[in-house]
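J.: Once you've had a glance at the structure underneath, I'll fire off some questions.
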Amino acid sequence: MAHTALNDDEIKEYFDTPDELQKKIKTLAQFIRDSKHFVVYTGAGISTSAGINDFRGPTGVWTAQARGIVLPRPTVQNPEPTLTHMAYVELMKRNILKFLVSQNCDGLHLKSGIAPDRIAELHGNANCEACAKCGKIYYRQKRVSGYEHRTWLTGNKCTVPDCDGRLRCTTVAFTQSMPDVCLNKAIHESQICDLSLCMGTSMRVSPACTLPCMNLQGGQKMVIVNLQKTPYDGRCALRIFARCDDVMSMVMQELNLTIPPYVDLKLWSDEQWMKDFEKNWPFRTAGDKGWFSGEI
């Protein structure tokens with residue numbers, strides 16, 4: 001929201017020099033090699049190269065609202081995962097990256113090929129609906145639209161026999177409670193993390209901003225990649241001021257790994273993937289009413 005926009009000093013972007021960046025990339029690559037439980041935390045900044053606005057950058061959604069500026073309509077109708085998204089896929093495929101925690105609801109992580117049980121999408125997923133009555137979740141081919149913004153009702157009904165519950169959009173707004181199952185999973189992974197990499201986030205939204213540093217006293221290293229300064233810069237082992245795609249491209253090269261191209265997996269048509277999603281994607285406890293107005 002507009003009241004969460006940054007002031008003129010906070011919004012300023014910084015860039016490491018090429019020499020500084022190269023040295024930092026080598027350090028980050030070594031951190032990754034040495035890690036045992038590497039977790040990535042992502043914000044809106046990793047999706048800007050896909051044509052999706054961030055929130056608190058110079059041209060962010062909340063920045064524009066605070067300044068009374070009307071942003072042009074997005075020109076990309078079907079955003080695709082970025083180089084950064086695909087780098088995570090390769091790192092996870094090789095079991096280097098153990099888990100991913102995201103504040104993004106754009107759905108690009110799942111679309112890229114990240115397994116549903118290896119991610120906690122703290123702010124929901126725009127392609128997903130859920131039944132508050134029985135807890136069943138549904139993945140859709142396209143973004144869920146046309147929902148009511150107080151009840152979050154989409155107009156669809158649950159298909160579980162004898163349930164007939166009403167489906168709701170899963171994205172999380174400022175007035176809603178966090179998805180408890182998802183948050184608990186993220187907390188667990190954060191407590192055993194020994195290397196946290198925060199990318200494209202201003203680290204100002206709680207509780208997401210507190211997760212990457214939960215295990216610092218246990219020897220965890222925290223790395224922050226963001227063009228703007230964050231309130232947690234003084235606590236990290238490495239601070240990088242560069243664009244996410246540039247950083248991940250250089251890191252993967254340093255690790256001798258190839259970033260795979262994005263291929264549309266058509267997840268909604270994959271019967272086995274849909275079963276895995278329904279079983280493993282962490283969201284909310286059945287019966288939870290803290291995320292909408294009205295009755296179940």
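Residue numbers in this text run from 1 along the chain shown.
In case you wondered, yes, glycine gets a Cβ from its N, Cα and C as well.
So TrEMBL lists these for the protein:
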type	residues	note
ACT_SITE	His123	active site, proton acceptor
BINDING	Cys131, Cys134, Cys158, Cys163	Zn(2+) binding site
DOMAIN	18-258	domain 'Deacetylase sirtuin-type'
J.: Here are some binding-site residues: Cys131, Cys163. Which one has the most Cβ atoms within 10 Å of its Cβ?
T.: Cys131
J.: If I restrict to non-local contacts, at least six residues apart, and a C-beta distance under 8 angstroms, what lies near Cys134 (Zn(2+) binding site) in its own chain?
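T.: In sequence order, Cys158, Val160, Cys163, Gly165, Ala286 meet the Cβ cut-off.
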J.: In whole Å, how far does the CA atom of the residue listed as 'active site, proton acceptor' lie from that of Cys131 (Zn(2+) binding site)?
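T.: Roughly 16 Å, rounded to the nearest whole number.
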J.: List the residues in the vicinity of the Zn(2+) site, defined as same-chain residues other than Cys131, Cys134, Cys158, Cys163 with C-beta within 8 angstroms of the site's C-beta centre.
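T.: In sequence order, the nearby non-listed residues are Lys133, Gly135, Lys136, Thr159, Val160, Asp164, Gly165, Leu167.
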J.: Please give the average pLDDT for the domain 'Deacetylase sirtuin-type' (18-258) in this predicted model.
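T.: Mean pLDDT across the domain 'Deacetylase sirtuin-type' (18-258) comes out at 91.
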